[in-house]
Amino acid sequence: MSLWLYLAIGAGLLAVLYGAVQTASLMRASAGNARMQEIAAAIQEGAQAYLKRQYTTISIVGVVVIAALAFFFKSWEQPVGFALGAILSGAAGFAGMLISVRANVRTAQASSESLAKGLSMAFTSGAVTGMLVAGFALLGVAGYYYVLLATGHEATGRVVIDSLVALGFGASLISIFARLGGGIFTKGADVGGDLVGKVEAGIPEDDPRNAATIADNVGDNVGDCAGMAADLFETYAVTTVATMVLAAIFFRGTEAVSAMMLLPLAICAVCIVTSIIGAFFVRLGKSQNIMGALYQGLIVTGVLSIPAVWYVIHQLVPTAVEVDGRSYGADALFYCGLAGLVVTAAIVMITEYYTGTGFRPVKSVAQASVSGHGTNVIQGLAMSLESTALPALTIIVGIVVTYNLAGLFGIAIATTTMLSLAGFIVALDAFGPVTDNAGGIAEMAGLPPEVRVTTDALDAVGNTTKAVTKGYAIGSAGLGALVLFAAYTEDLKFFSENAAPGSFFHGMGAVTFDLSNPYVVVGLLFGGLLPFLFGGLSMTAVGRAAESVVAEVRRQFRDNPGIMTGEVKPEYGKAVDILTKAAIREMIVPSLLPVVSPVALFFVIQAIAGKVDAFAALGAMLMGVIVTGLFVAISMTSGGGAWDNAKKVIEEGFTDKNGVLHKKGGETHKAAVTGDTVGDPYKDTSGPAVNPMIKITNIVALLLLAVLAHGV
């Protein structure tokens, strides 16, 4: 066993240890007065009840998949890999939720003391979630790779490759359910609560008289925290696995194959250490710039990662490796890793530009709100479409540069390096729901107005960090899916060239993705429609969930007038229960769409035109999903973020181009609320859920190849 494999496992354990130590420190902080603790307890109870029901539902699907893998592969390694990926992905999300629902009330209390203490508390809780995500993912992949080698399997053998792919499938399946189910819950509560509370009743956000308030705060945790944690766990694990699979295929038969397979694990290991160091640099300076404090930690992490990645690559690849006429040298691979870090920085800046309150896109949506509801929606849609251009161009440049440096393996190394910072990026994301909840608790507990000013300042930054991390997740998902597609084409080539007589692939010949083949066009079109259909199903699900919340909140206002006067407390649990049932019910069909579609397309085309065209159509489908999925996801998340922050700009006081001041409660604000209700499911449900949808489609295609190769 290589020392680097032990170091990767050790880095995973270090991340988990960091999480445990910081959690203990966080739990020692004051949880505020009795009223604050009562509200926090209600949020905790709702979040835990929802996630338990969600994971119970997912486990039923998981058991079916495990049984299918055991039947097809007739060995323990692949089913165990799937179970490990699923359990760790679920654990990452659940742990993130457990931390955030305890940090929210402590952040509210810390914010009553100072902005610096509020920032420190919120970011610490986010860092715990981030390091647990990175730690669990690295432990899962490196640990299971160690077990497979220790049980006598060859590193480049099909058992190791198929088992690691199965691990990625387990992570992907949990991720899409968590992302979609959590998104339906949180946006059903948010949209439903806003429509009745803000628009109809004229009461502010997080007002305790709104029966959907607790459900909204529960949703922040199960959607933005648990959902994002599972999403980035899956992207981290799947990309690492895909890079290892490519290394096993590209460098099979060379002395460098073991080192190349360890390279993604080693890069992730050193970047966990740099992320932990960077977390200690998040401090509020004299300027009181919250975003600057967070970026300070991110910059330190990125700067430290550069020499760390250089060292790892030069240790594992001391001399250039020649394969099929291409040279893979340490310097070329390092520049690929550096390109991954540059792409990360560029996507972060671009996303902040399109969603930050100080820039043209958000201001233009706020200005459009002056004219009314329709113009707000038109401008928001315009920004959502425009926001796809720069991220796509950034990814294009990244692909061209890394491919010319080191081919498809160079793209894989760039994506791995990009994702190696996931620990810190998740910390930025989990910061958002904690600050949002802290503001809600401060409002409901009746804390002094200056506390709400502090939590609002943190929440405004939290909205931007959530948008930024979504941009990062989408960009990394797009590149990660490209790596998976490369693994599909290389696996297909391997099985075709090494098929035993009588096997499924024997005598099949080469598969090409030629646009003159109508079945390739069919695959492209079929793959291209999936993100749109998936987005439509998830948006419809949020609409239905919101309708049920609107009906319940209206019923409570109508049946109990004492709620509006503050004499009677609403039945918060009713809205939570309604949303829990709705989210679980609505998430099933969209989540299974990317699992069933590749299998269905393959067998339908095989029946019509044969194996070669079926594999060509399936590969083209993967390309179609990647291209349209990337644009749909970016458009939805950035556009939704612009709508959300345009509303916040107006609530803080917006001066239009004619010098007129617009504030909360006016017609301009009502128009902005309408835009926000459209943008909410855009940015927090449909858009983010497209990420795992893209990757799970590719993972299923990879597993299908392995199953067919086993003689099914």
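Backbone N, Cα and C define each Cβ position, glycine as well.
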Correct range for transmembrane segment (source Swiss-Prot, candidates 165-185, 690-710): 165-185
Same-site Mg(2+) 2 binder from Asp436, Asp456, Asp459, given that Swiss-Prot records Asn217, Asp220: Asp436
Further Ca(2+) ligand in Swiss-Prot, beside Asp676, Asp680, within candidate set Asp613, Asp644: Asp644
Close in space, distant in sequence - Asp224 (site 'Important for ion transport'), Cβ under 8 Å, 6 or more apart: Gly182, Thr186, Asp429, Ala430, Gly432, Pro433, Asp436, Lys466, Asp684
Residue numbers, six or more beyond the limits of the transmembrane segment (262-282), whose CB comes under 8 Å of its CB atoms: 2, 4-5, 7-8, 10-12, 14-15, 18, 119-120, 123, 127, 130-131, 134-135, 137-138, 141-142, 145, 236, 239-240, 243-244, 247, 293-294, 296-302, 304-305, 308-309, 311-313, 315-317, 333, 337, 412-413, 416-417, 419-421, 423-424, 427
Fewest Cβ neighbours within 10 Å, where candidates are the recorded sites Arg179, Lys466, Lys695: Lys466
Residues that sit under 8 angstroms from Asp190 (Mg(2+) 1 binding site) by C-beta distance, when 6+ apart in the chain: Asp216, Gly219, Asp680, Asp684
Mg(2+) 2 site, defined by Asn217, Asp220, Asp436: further same-chain residues with Cβ within 8 Å of the Cβ centre: Ile43, Asn104, Thr186, Asp216, Val218, Gly219, Asn221, Asp224, Pro433, Asn437, Gly440
Neighbour tally for Asp436 (Mg(2+) 2 binding site), based on other Cβ positions within 10 Å of its Cβ: 28
Entries of Lys187, Asp676, Lys695 which, being recorded positions, have CA atoms within 10 angstroms of Asp220 (Mg(2+) 2 binding site): Lys187
Other parts of the chain folded back onto the transmembrane segment (165-185), taken as Cβ under 8 Å at six or more residues beyond its ends: 50, 54, 57-58, 61-62, 65, 69, 77-79, 81-90, 93, 137, 140-141, 144, 215, 218-219, 222-224, 226-228, 230-231, 233-234, 237-238, 241-242, 245, 538, 541-542, 545, 579-580, 582-584, 586-587, 590-591, 594-595, 681, 684-686, 688-689, 691-693, 695-696, 699-700, 702-703, 706
Neighbour count (Cβ, 10 Å) for Asp680 (Ca(2+) binding site): 23
